[in-house]
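Q: Annotated domain 'Thymidylate kinase-like' per TrEMBL: 9-199, in sequence order. If you look up TrEMBL, you'll see Gly11, Pro12, Glu13, Gly14, Ala15, Gly16, Lys17, Thr18 marked as ATP binding site.
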Amino acid sequence: MKKGIFITVEGPEGAGKTTIFRKLGEYLLEEGYQVLMTREPGGIAIAEQIREVILDKENTTMDARTEALLYAAARRQHLVEKVKPALESREIVLSDRFIDSSLAYQGYARGLGINEVLSINQFAIGDMMPDLTLYFDIEPEIGLERISLHKGREINRLDLEKLEFHKKVHEGYHILLNQFSERIVKIDASKAVEEVYNETKTILMNFIESHSLQIK
Ligand code: TYD
């Protein structure tokens, strides 16, 4: 039985979602909420091991369905070990990426089909869909340029994909925005960080306050 609030953060490369994600987590903690901040793929030992296989630059022969299944497997383990227990303890779970990444990257950009990837993910997660998804929107050209300027960042196998692939990821997220319009909120991530943060914080707090008589 789920009692907490499950919030996911999504976006193409270079949208700055991880920076905003950290700031939101710190803010919620300061406000006295019980918060679990986690990320995908990974967050726990088994899922981190799967993540290494998926993102290893040497694994150039990985089949697209294998990739989708590995993400779904990592997601399952992460959900069972980390997300579910926190929700059952009425925490707010903030996850940096979740199912929509698979739908946009594997389902749409890799061409496996959004509905096909949705169905393997339904097997993995059951009815544990996020309550709210904050989608950070950025044009792929700008996102990739931001990444190239961010020198300390580790480059993984998906980062090495061409601009064409990242354009499809972006398009895929826009399809999801329509398909799951009741759950996904779009945030313009091209603005300055402080502005993006303030806008996101307002959306998040309105959502939490309207859903959370029980959790503070
Ligand atoms: P990461 O270094 O965490 O990237 P980011 O900072 O952009 O979140 O690497 C995760 C990569 O995996 C990223 O390129 C998106 C991709 N991904 C998928 O393709 N499918 C998925 O289901 C998930 C969770 C991530």
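Cβ coordinates come from backbone N, Cα and C, glycine included.
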Q: Do any of the binding-site residues Pro12, Gly14, Gly16, Lys17, Thr18 touch ligand 1, in the sense that the CB is under 6 Å from one of its atoms?
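A: If the test is a Cβ under 6 Å from any atom of ligand 1, the answer is Thr18.
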Q: Report the residues of the chain - excluding Gly11, Pro12, Glu13, Gly14, Ala15, Gly16, Lys17, Thr18 - with C-beta within 8 Å of the mean position of the site's C-beta atoms, for the recorded ATP site, in sequence order.
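A: Leaving out the recorded residues gives Phe136, Ile138, Gly143, Arg146, Ala189.
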Q: With every protein chain in view, how many other Cβ atoms are within 10 Å of the Cβ of Thr18 (ATP binding site)?
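A: Within a 10 Å radius of the Cβ of Thr18 (ATP binding site) lie 15 other Cβ atoms.
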Q: Counting only residues 6+ away in sequence within the same chain, which have a CB under 8 Å from the CB of Lys17 (ATP binding site)?
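A: Set apart from Lys17 (ATP binding site) by at least 6 residues yet with Cβ under 8 Å, we have Val9, Glu10, Gly11, Asp96, Leu134, Phe136, Ala189.
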Q: CB neighbours of Gly14 (ATP binding site) within 10 A?
A: 24
Q: In this predicted model, what is the average pLDDT of the domain 'Thymidylate kinase-like' (9-199)?
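A: In the predicted model, the domain 'Thymidylate kinase-like' (9-199) has a mean pLDDT of 94.
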Q: Using all protein chains in view, find how many other C-beta atoms are within 10 Å of the C-beta of Gly11 (ATP binding site).
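A: Result for Gly11 (ATP binding site): 28 other Cβ atoms within 10 Å.
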Q: Which three-state DSSP class does Lys17 (ATP binding site) fall into?
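A: DSSP assigns Lys17 (ATP binding site) to helix.
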Q: By a simple count of other Cβ atoms within 10 Å, which of Pro12, Ala15, Gly16, the binding-site residues in the record, is least packed?
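A: Minimum Cβ neighbour count within 10 Å, taken over the binding-site residues Pro12, Ala15, Gly16, occurs at Gly16.
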Q: Please report the number of other Cβ atoms within 10 Å of the Cβ of Glu13 (ATP binding site).
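A: Looking across every protein chain shown, the total is 20.
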